[in-house]
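This report concerns only the one structure given below.
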Amino acid sequence: MSTDVPMSPELEQVDGEIQDIFRALQNGFQKMDKIKDSSRQSKQLEDLTAKMRECKRLIKEFDRILKDEEKKNTPDVNKQLNDKKQFMIKELNSYVTLRKTYQSSLGNKRIELFDTGNDQVAEGTPVQMASEMSNQELISTGRKQMDQTDQAIERSKMVVAQTVEVGAQTAATLTQQTEQMKRIGNELDSVHFSLKKASQMVKEIGRQVATDKCIMAFLFLIVCGVIAIIVVKIVNPHNKNIRDIPGLAPPAMNRKLLSIDAAGL
């Protein structure tokens, strides 16, 4: 039976106590086969019967709390809780049947589990008392409950198979996503490397442009200086403070005077 049904803290506490008793009953009946002494078996059977009485009381308490909280829960939750209650009743009756079998084999005085009278575990849910059943009815009820248990096991197997299939599909999807993330990571590394390379190239180009600008500015200053000297030399050719520019011909007047001096000679 599924245990993921939403319950209030009070219901969870009662359910936990019932499940503890069911585990104790299961362990107790397993020990019965190991006990050889009939008196010890009878004592063990009495202890188990006391636990069954307590379990019945707790199931009634579970039903009472369920009815009190029925208006607070959704119809679906109420249905799940009622199904859980019915499952607990069936499980308790299966232990009652088992107790009846051991009691018959021991030949001891029958131990009454339920009080006399019409005592139902849940209002509106009739439950046949195991102590009132014949051996044939007990066997038939036991077989029916075993069939129901087998069906529940088969359904659980189907759920497990479906869960395994979904898990395999999820694992395959995760593997594909992991590979895709790795490829994206590699592409991001390549983009980062390209950006770094481009940044270095931009810096290098910037340095080259700056160097070219400096050279052009220096050449421009030299050209301007040369032009300025030429202009000054042309405007004021007798200025001795300005040296002749190498490779530049002297002014025309000087050339004429030199030609006259040569003719006089």
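Even glycines carry a Cβ here, placed using N, Cα and C.
Noted in TrEMBL for the protein shown:
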COILED    45-72  coiled coil
DOMAIN    143-205  domain 'T-SNARE coiled-coil homology'
TRANSMEM  215-235  transmembrane segment
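Averaged across the coiled coil (45-72), pLDDT for the predicted model comes to 90. Broken down by DSSP into helix, strand and coil, the domain 'T-SNARE coiled-coil homology' (143-205) contains 63 helix, 0 strand, 0 coil.
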